[in-house]
Amino acid sequence: MSSGGLLLLLGLLTLWAELTPVSSKDRPHFCHLPADTGPCKARFQAFYYHPVHRKCLEFIYGGCEGNANNFKTIDECKRTCAA
């Protein structure tokens with residue numbers, strides 16, 4: 001296979017992986033962590049996955065520390081955690 005064909009295949013596989021929803025059994029463990037504003041005092045709009053409600057919700061992030069269940073956009077949260 002030519003390098004162009006391999007590059008096309010890699011691109012298609014990447015697109016497929018990006019568009020495939022995450023099932024609950026494949027959901028990363030951090031999606032089950034609670035929203036954590038962290039100790040800093042900034043006020044950034046952020047999103048986290050709420051496992052009981054099974055959806056991404058908004059929260060205010062302080063700007064430092066916190067945990068991995070923290071996304072800049074609701075779409076990023078949905079792609080990562082929502083099934």
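Counting starts with 1 at the first residue shown.
Here the Cβ of each residue, glycine as well, is placed from N, Cα and C on the backbone.
As the structure is a computational prediction, the values presented were derived from the model and not from experiment.
According to Swiss-Prot, the features are:
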type: DISULFID; residues: Cys31-Cys81; note: disulfide bond
type: DISULFID; residues: Cys40-Cys64; note: disulfide bond
type: DISULFID; residues: Cys56-Cys77; note: disulfide bond
type: DOMAIN; residues: 31-81; note: domain 'BPTI/Kunitz inhibitor'
type: SIGNAL; residues: 1-24; note: signal peptide
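Cys40 (disulfide bond) sits 25 Å from Cys81 (disulfide bond), taking the C-alpha atoms as the reference points.
Between the C-alpha atoms of Cys56 (disulfide bond) and Cys31 (disulfide bond), the distance comes to 10 Å.
Just so you know, of the disulfide-bonded residues Cys31, Cys40, Cys56, Cys81, the Cβ with the fewest other Cβ atoms around it within 10 Å is the one at Cys40. The helix, strand and coil residue counts that DSSP assigns across the domain 'BPTI/Kunitz inhibitor' (31-81) are 10 helix, 15 strand, 26 coil. Around the Cβ of Cys64 (disulfide bond), the number of neighbouring Cβ atoms within 10 Å comes to 11.
Taking the Cβ of Cys77 (disulfide bond) as centre and 10 Å as the limit, one finds 23 other Cβ atoms among all the protein chains shown. Between Cys77 (disulfide bond) and Cys31 (disulfide bond), the C-alpha separation comes to 9 Å.
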